[in-house]
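Single-structure report; data block below.
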Amino acid sequence: MEELVGLREGSSGNPVALRELWSPCPRLRRGIRGGLEWLKQKLFRVGEDWYFLMTLGVLMALISYAMNFALGRVVRAHKWLYREIGDSHLLRYLSWTVYPVALVSFSSGFSQSITPFSGGSGIPELKTILSGVVLENYLDIKNFGAKVVGLSCTLATGSTLFLGKVGPFVHLSVMIAAYLGRVRTKTIGEAENKSKQNEMLVAGAAVGVATVFAAPFSGVLFCIEVMSSHFSVWDYWRGFFAATCGAFMFRLLAVFNSEQETITSLYKTSFPVDVPFDLPEIFFFVLLGAICGVASCAYLYCQRTFLAFTKTNKLISKLMATSKPLYAALAATVLASITYPPGVGRFMASRLSMREHLDTLFDNHSWALLTRNSSPPWPAEPDPQHLWWEWYHPRFTIFGTLAFFLVMKFWMLILATTIPMPAGYFLPIFIIGAAIGRLLGEALSVAFPEGIVAGGVINPIMPGGYALAGAAAFSGAVTHSISTALLAFELTGQIVHALPVLMAVLAANAIAQSCQPSFYDGTIMVKKLPYLPWIRGRPINSHRVIVEHFMRRAISTLARDAALEQVVKVLTSTDEAEYPLVESTESQLLVGIVQRAQLVQALQAEAPARASGQQRCLQDILAGGCPTEPVTLTLSPETSLHQAHNLFELLNLRSLYVTSKGRAVVYVSWVERQHTGF
């Protein structure tokens, strides 16, 4: 039924819907609507992207700060309960373990009941999406609440589980970016654009890192390295603008809440600026990078192997399929019991928060030299002025506690990564790297108690500088990124160790990238997500490989002059999502692509004509409205492996057809690329 129309009073005859005439205050409503349209035109004259990117940064900063503010009080409440519950070891043990076990169980159960996409880091799935793969419902805004609640419960466990929030927060930021992208499309009234959507997603990923660490530069660069192998320069300003807005608002909220006097870095250090390190120490920084590279290879291999074991073991896989909260509770019980302070946790500084772990590890004083002639006490509660005392035990010494911390956290973090709940794994890796650097720095301070002589000047060794380099090197090696060096500088506000830290990161990455896939790529492989495998180490013999060596030989084509019975036979005998369309059976000249779903729909509509006995061919179906897609890019059998790989990465393609003199030959996809052996 058509809508009734009328004429406005005093109009020249332009019709208007009666619903608008009969609505309350029609003139006022028209005036407000016109004013809003005028305001939108004026504001969007400079570009609508600025407003949505700024909104994205501010929203994520508010969420990040509110989460930190609330969870900080929850963690303090847990510590108060543990402190005030009495001297009974049983009660203290229960107060230490039951709290995180309950939170982890709720986090796993709640998030998994709402959506199965909320568990884990989220970065591997985002990397898959940005490579051109569509993961249904992964970025829906309805998943936002499940991720926030689950992540909040995970972080409320404190250092008991030793998990962070970088990965899940990047996922949250990308979900908000996708939602704002849809709002932007409706606001300006344009059609949905895939490239515009990806621009917002990339900016959202950068904002996620920036609002966790208040580090806009490293946030953008880290996402460039981790999320994609090729990055459009056009997206640079979007990422930096949104990340800067988010980082600025995040630190500004701390000033407004009287937590800081002004905008400063998250972790304060006091490295001397005049001579932070001697020239001979460069060798030890490079050695530290090599150690972190080897350690990262061991960690990546063990983590990927154990994660695959949990998916193939019958008992664990059944438990994960039927009762994820139970598995989470069992794993949390093990982790919480080990960190119980009067027990083994005494030798792991388990009473410190993750922030306090980094604050103490970045201390520029040598603990080994300070405890050489005196033993500091182990207070009933951590002393805010001497938090480093938590790392000392008269029987273990500083070296024993640091080594024990590394050994235990190594496998405990691997176990924690298998718990199906929202959690980040970057900050724990960063702290483990800082402990590796601290251990080497303490050893050097004992070996050279007066410092290293260089140019006739003796300067003491600062273990905190080695901790900073170790944190950047190990986390960079695990994630295959160089920007962790810049992240270390932004976190501490110090750049005096720029050269040695960067050299350590480069040495660690050189070893890790030649031996193991990154943490996120390994997770993609274990989860069997669609991915384009990287060419590891780019060996020289890989340049001799051409498409003809690994292309798919069998291919089903549809000719324009093919009878419908032959088309139906091809559809029923294969399950391809799309078929190459050729000019004729004899010529095999590739002219387009037809989608399976659209072709099946067209054939179903053609069923009455076929039943009447009319002889029809595929050309009749195509002329009747079945859409075809043009072939804009093809490969040659002589195209090299590296050229094909770069095309897949640059254009976010999943498959390409191979033609010879215009004739459709074969088909190449990610699957064939995986079988090349490089």
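Each residue, glycine too, has its Cβ placed from N, Cα and C.
Source: prediction; values computed, not measured.
Checked against Swiss-Prot, the residues ASN364, ASN373 yield a single entry marked N-linked glycosylation site: ASN364.
Distance from the CA of PHE426 (chloride binding site) to the CA of ASP278 (Ca(2+) binding site) is 30 Å. Sorting the domain 'CBS 1' (551-612) by DSSP state (H, G, I as helix; E, B as strand; all else coil) yields 25 helix, 16 strand, 21 coil. When Cβ-Cβ distances below 8 Å are used as the criterion, the transmembrane segment (400-420) is approached by residues 104, 108, 112, 119-120, 161-163, 299, 302-303, 306-307, 310, 320, 324, 327-328, 331-332, 334-335, 338, 344, 347-349, 391-393, 428-429, 431-432, 435-436, 438-439, 442 of the same chain, each at least six residues removed from its ends.
Remote same-chain residues near the intramembrane segment (464-496) are listed as 213-218, 221-222, 224-226, 264-269, 271-273, 276-277, 284-285, 288-289, 292-293, 295-297, 299-300, 358, 361-365, 426, 429-438, 440-441, 444, 502, 504-509, 511-513, 517-521 (criterion: CB distance under 8 Å, separation of at least six residues from the stretch ends). In this structure the alpha carbons, written CA, of GLU259 (Ca(2+) binding site) and SER121 (chloride binding site) are 29 Å apart. Around the Cβ of PHE426 (chloride binding site), a 10 Å sphere holds 26 further Cβ atoms from the protein chains shown.
The transmembrane segment (282-310) makes no contact with the transmembrane segment (161-180): fewer than 3 of their CB pairs lie within 8 A, with pairs spaced 6 or more apart in sequence.
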